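Asker: Annotations per TrEMBL:
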BINDING   Asp450, Thr452, Asp827, Asp831  Mg(2+) binding site
BINDING   Asp450, Lys451, Thr452, Glu549, Phe590, Lys613, Arg646, Thr726, Gly727, Asp728, Arg801, Lys807, Asn830, Asp831  ATP binding site
DOMAIN    853-1057  domain 'P-type ATPase C-terminal'
TRANSMEM  115-132  transmembrane segment
TRANSMEM  138-157  transmembrane segment
TRANSMEM  335-359  transmembrane segment
TRANSMEM  379-404  transmembrane segment
TRANSMEM  884-905  transmembrane segment
TRANSMEM  917-937  transmembrane segment
TRANSMEM  967-986  transmembrane segment
TRANSMEM  1006-1024  transmembrane segment
TRANSMEM  1031-1060  transmembrane segment
Amino acid sequence: GAKMSRQRADSEGSMRPDDEVMPYSDDETDDELDTSESEAEGEPEVTQAHVEASLPDVNWKVKANDRPYHQQPQFQKKVFLCIKKSRYAGNAIKTYKYNVLTFIPLNLYEQFKRAANLYFLALLILQIIPQITTLPWYTTLIPLVVVLGITAIKDLVDDLARHRMDKEINNRKCEVLLNGSFQDSRWRQIQVGDVVRLKKNDFIPADLLLLSSSNPNSLCYVETAELDGETNLKFKMGLRVTDEMLQEERQLADFDALIECEEPNNRLDKFLGMMQWNGERYPLELDNMLLRGCKVRNTDVCHGLVIFAGGDTKIMKNSGKTRFKRTKIDELMNYMVYTIFAVLILVAAGLGIGHTFWYEQIGSKAWYLYDGLNYNATYRGFLSFWGYIIVLNTMVPISLYVSVEVIRLGQSKFINWDLQMYFAEKDTPAKARTTTLNEQLGQIQYIFSDKTGTLTQNIMQFKKCTIAGRSYGTGIFVCLNTKTSPVDWSWNQYADQKFQFMDHLLVANVKSKKDKDAMEFFKLLSLCHTVMVDNKDGDLVYQAASPDEGALVTAARNFGFVFLSRTQDTITIMEMGQEKTYEMLALLDFNSDRKRMSIILKFPDGRIRLYCKGADTVIYERLSTNTQHRQTTQEALDIFANDTLRTLCLCYKDISANEYEAWSRKHKEAQLVMGDREAALDSVYEEVEKDLMLIGATAIEDKLQDGVPETIATLAKADIKIWVLTGDKKETAENIGYSCSLLTDDMTVHYGEDVNFRRARQTPEEPFFTETGKNALIITGGWLIDFVDMACECEAVICCRVTPKQKANVVSLVKKYKKAVTLSIGDGANDVNMIKTADIGVGISGQEGMQAVMSSDYAFAQFRYLERLLLVHGRWSYIRMCKFLRFFFFKNFSFTLVHFWYSFFNGYSSQTAYEDWFITLYNLAYSSLPVLLVGLLDQDVNDRLSLKFPKLYIPGQQGLLFNYKNFFISLFHGIFVSLIIFFIPYGAFLQTMGQDGEAPSDYQSFAVVTASSLIFTVSLQISLDTSYWTFVNCFAVLGSIAIYFGFMFDIHSAGIHVIFPSVFTFTASDGGKEEEGARALPAGQALPSLCLCLFSLARLRRPHLVWAEHSAASCRPQRSKCKHQGDSTQRGGEHLS
């Protein structure tokens, strides 16, 4: 299987990551790789191999301005047998799947990978074999061609769009350094090692190492919208050495560095490399790279060296297939199709055995049934078995899968078109990004939600702070009572007028310049960050990576510490009216494990100081023993947390020059490590970030989104359990829980630490909470694995201090142990893992860019729309799909099992009860539209009532509307209806006399009567099942009946028989002599007469039930042949009488 899929990937020309060779996948994090290593510790050989695999290979070498270098034999890889090609991809990309030659074979191959299509192909082959064919080949071919054709056209349209897109991208223009000067070239002609010149607003053609730019300090601003959907600008920096020495065309032409870096992979957040040039080695990281798909902004000219081209670029490596998610109903449906298949084989085998006995006892002794083929009874039974497989094949309907796709597509469109989920402020409609999961939205049992940006607005405001043990920033309500006005910022020309602060005392302290701690506090905020500043017409615009950081720098700006500009190694601020420039010696960046960031600065007076800000848990571990205000700050932090504010601690440390020198050497060595560079840097950072002196803490408010408490309360009434996973501290999380109605006053709140001792004493079978009432659990990330059973008994769970990796683990634990249907909702890159792990992932398009949305199955702008998505769209989709499937199985059983009852009267000879064209068109034209419309439009109650009574959601969670019980009810319903449809016409025709004294009991009349009864029954049944009538439903039911009669009159007309006598063997009842024999039978004859009558007409259709005079008859013209058959029938009848 792996081999086959590999070949297919190659044949698609896909430039996708090969996960067997490269352990990084876009839904793995470093932690995931680490855990897989630690799990393997029991087997040393495996561990070693895995560690090596998880470290990026550093054997990718790029030589600047040297195309022949990359064509050397050691850089060739084997493609096929002895054909080799360069391991360096060209820059042309190919996202299309098919070309003119491969479209038909490849598309058919892909479609026949679906079991149902393959099954119908096998049937078609069986129908071509003359010995066993019971139905003409077109009864299967026509539906199969329609189904394959529709899918193929859809694929073709998609692929043509990809062809156009590829052509447009590959032919974009770009300046490349060739033969010592820049020349215009197309993107597809660019190669690894080329030097490229880019101008403002150009798209970046490949993954480049930034060499120099027209901005001071080789800064280059890029917009990464195509990569991660974020529109705020990111900055990239070239190395200082290349920026100073590579500005002129001549210098660039002489550039001959060798770059060694990791192999191409799909990690957008990582790059490890090293440049060797003029005998020196320089570390390279992601900040030095311009990635393909980004756009150059605010930079007039920049130069880059191509490291990865075409399919090796990170954006192309990320275009791999995402995890394929399937719904519970999908799985059930497949199992049911297997069940039907098993029933089909058993029934066909039974009837085949029946034919063997019948032939031995009756068939072989009746001279008039002799067909000239000397087959024994067993062989005939074997042929009959295959004949019945063909006749009864409609139990597994070919149109089922197509209809399900159409219904899902329709449901997705309804979600996209729902104006009540449209957010006008941002002009963002709801978007169903997948069409395969809609009915699963009606079965959700657990929701896992991020807090920041999902439940809250992610618009941060600096509200309070504590400096040297004293708190500032009184509560809003106090201010309103005492008529306090917000602070007036007119004294500060740089102030952001939108910033509001209520505590005048702090401003007075800072303005007096006497409070040294307050001065230090705001100086730290203005220096320790990664914000970029844009100067628009004298107005400072801050571009922050996170809203928290933007809020803190803006607060410092208003208090008189204005961040003005930064270069690669300096930061300039305005300190109470005086401009000062600090030299930046090192920046120790923030990540989700470190939970802090530090900066080491050289002051204008030569002092070296480290500033650090981070979460209280990590800062308190690293404080010096003689730091002051430790206790008072902790108390203040608890108060802030109770007010649901987000807190950060600020601290500093003075470093001597010698100490810094020693540390700097270690830092440089760690930067050049090519293996696990991050771990090396972390341990170096740990050495310097200790013995810190506490200054104070900040508190930022992040308001709840509109409608969050109401939405959570409604979803809780629908028996959906909501878990909030957040990085906040416990107190903040608990208070947010109360403010958003997740925790209510009637709940007993348990804390992970307190429950631990109780857990030890319990047996696994016992419930954790013996007393009645609602329970909630608040727990810290690390404890979670021990508590799955207990947490699942709670109405609400809040997990605090969780990393992105732990979020995904929580979801997979509940999926695994509870077999529950889960939904994750988040808005940022840190939620991507969780969104991909859950059965359904919802992305919120908020302040944090679009990464969550791009990984999600459904996306909208506000948390409150989740209520409508689940309780209205999800519930309706589930009800519709269940009703559709129940009815679909029923109509096919009613239709197919008539053949089964008929077999008892035709010697089990796999004769069909209907005529061929009815069998061909039944699922395509006569019965498909009404049930399809029920699957698209039906609703038991309207959307208003669905939201008003959330308990209506519960049947979906329990899977009550479609399961094996419903399936067998449909089966028995079908059996019952088929019995009636067969036996009532049979009884009516058994002893019947027409007005002209003739019996109309011929095969044609019988087939038409049973077919008409079936169409009426099925149409009336779907009418009874329809809860919500629209004009379209009404039109479909009546239209289906009309289409049936329209076709019937055509197919049974004399005219069409004359034109195609071999295909349309039936003629109209006024055809005269053709039916003479059948009509001449005396009325009131017993069952054998009817059987014989049916047989006599059957021989028109059955190759192995022909008369003894077959050869003679076949030589005569059609008319005489019919006449002859009539006479024979008459003789047979007399013989039997």
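Note that Cβ sites are derived from N, Cα and C of the backbone, with glycine treated the same way.
Curation plays no part in TrEMBL annotations; they are all automatic predictions.
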Asker: For the binding-site residues listed here (Asp450, Asp827, Asp831), which one has the lowest count of neighbouring CB atoms within 10 Å of its own CB?
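Answerer: Comparing Cβ neighbours within 10 Å for the binding-site residues Asp450, Asp827, Asp831, Asp450 has the fewest.
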Asker: Where else in the chain does the transmembrane segment (379-404) make close Cβ contacts, counting only residues six or more beyond its ends and a cut-off under 8 Å?
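Answerer: Answer is 114, 116-117, 119-120, 123, 126-127, 129, 131-135, 140, 143-144, 147, 150-151, 333, 337, 340-341, 343-345, 347-349, 351-356, 359, 363, 881, 884-885, 888, 892-893, 895-896, 899-900, 903, 908-910, 912, 919, 922-924, 928, 931-932, 935, 1104.
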Asker: Reported as an integer number of Å, what is the Cα distance between Arg646 (ATP binding site) and Thr452 (Mg(2+) binding site)?
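Answerer: Per the Cα atoms, Arg646 (ATP binding site) and Thr452 (Mg(2+) binding site) stand 10 Å apart.
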Asker: Over the domain 'P-type ATPase C-terminal' (853-1057), what is the model's mean pLDDT?
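Answerer: When the pLDDT values over the domain 'P-type ATPase C-terminal' (853-1057) are averaged, the result is 92.
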Asker: Can you tell me which parts of the same chain pack against the transmembrane segment (138-157), counting only residues 6+ beyond its ends and a CB-CB cutoff under 8 A?
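Answerer: Residues 97-98, 103, 107-108, 110-111, 117, 120-121, 123-124, 127, 393, 398-399, 401-402, 916, 919-920, 923-924.
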Asker: Go through the chain and flag residues at least 6 beyond the ends of the transmembrane segment (115-132) whose CB is under 8 A from any CB in it; none is fine as an answer.
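Answerer: Beyond its ends, the transmembrane segment (115-132) has Cβ neighbours at 139-141, 143-144, 147-148, 334, 337, 341, 383, 386-387, 389-390, 393, 396, 398, 400-401, 1103-1104.
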Asker: Applying a 10 Å Cβ distance cut-off over all chains shown, what neighbour count does Arg646 (ATP binding site) have?
Answerer: 25
Asker: Quick check for the class: what is the C-alpha distance, in angstrom and rounded, between Asp827 (Mg(2+) binding site) and Gly727 (ATP binding site)?
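Answerer: Approximately 14 Å lies between the Cα of Asp827 (Mg(2+) binding site) and that of Gly727 (ATP binding site).
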Asker: What's the number of neighbouring CB atoms sitting within 10 A of the CB on Arg801 (ATP binding site)?
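Answerer: Around the Cβ of Arg801 (ATP binding site), 19 other Cβ atoms lie within 10 Å.
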Asker: Would you kindly list the residues that approach the transmembrane segment (967-986) from elsewhere in its chain, counting only those six or more residues past its ends and only Cβ-Cβ distances under 8 Å?
Answerer: 336, 339, 886-887, 889-898, 900-902, 905, 913, 1006, 1009-1010, 1013-1014, 1017, 1021
Asker: Go through Thr452, Asn830, our binding-site residues, and report the one whose Cβ sees the most other Cβ atoms within 10 Å.
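Answerer: Result for the most crowded candidate: Thr452.
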Asker: Taking the Cβ of Gly727 (ATP binding site) as centre, how many other Cβ atoms lie within 10 Å?
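Answerer: Counting Cβ neighbours of Gly727 (ATP binding site) within 10 Å gives 23.
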Asker: For ATP, with binders Asp450, Lys451, Thr452, Glu549, Phe590, Lys613, Arg646, Thr726, Gly727, Asp728, Arg801, Lys807, Asn830, Asp831, what's the maximum Cα separation in whole Å?
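Answerer: Overall maximum Cα spacing for these binding residues reaches 24 Å.
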Asker: Sequence order is fine: just name those binding-site residues in Phe590, Gly727, Arg801, Asn830 with a Cα within 10 angstroms of Thr452 (Mg(2+) binding site).
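Answerer: So far as Cα distances go, the binding-site residues lying within 10 Å of Thr452 (Mg(2+) binding site) are Gly727.
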Asker: With an 8 Å cut-off on Cβ-Cβ distance and a minimum sequence separation of at least 6, pull the same-chain contacts of Phe590 (ATP binding site), or say none.
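Answerer: Result: Thr530, Arg596, Met597, Gly614.
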Asker: Do you know offhand how many angstrom separate Gly727 (ATP binding site) and Asp831 (Mg(2+) binding site) by C-alpha?
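Answerer: Cα to Cα, Gly727 (ATP binding site) and Asp831 (Mg(2+) binding site) are separated by 11 Å.
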Asker: I'm trying to understand the geometry here, so how far is the Cα atom of Arg801 (ATP binding site) from the Cα atom of Asp450 (Mg(2+) binding site), in Å to the nearest whole number?
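Answerer: Answer for this pair: 12 Å between alpha carbons.
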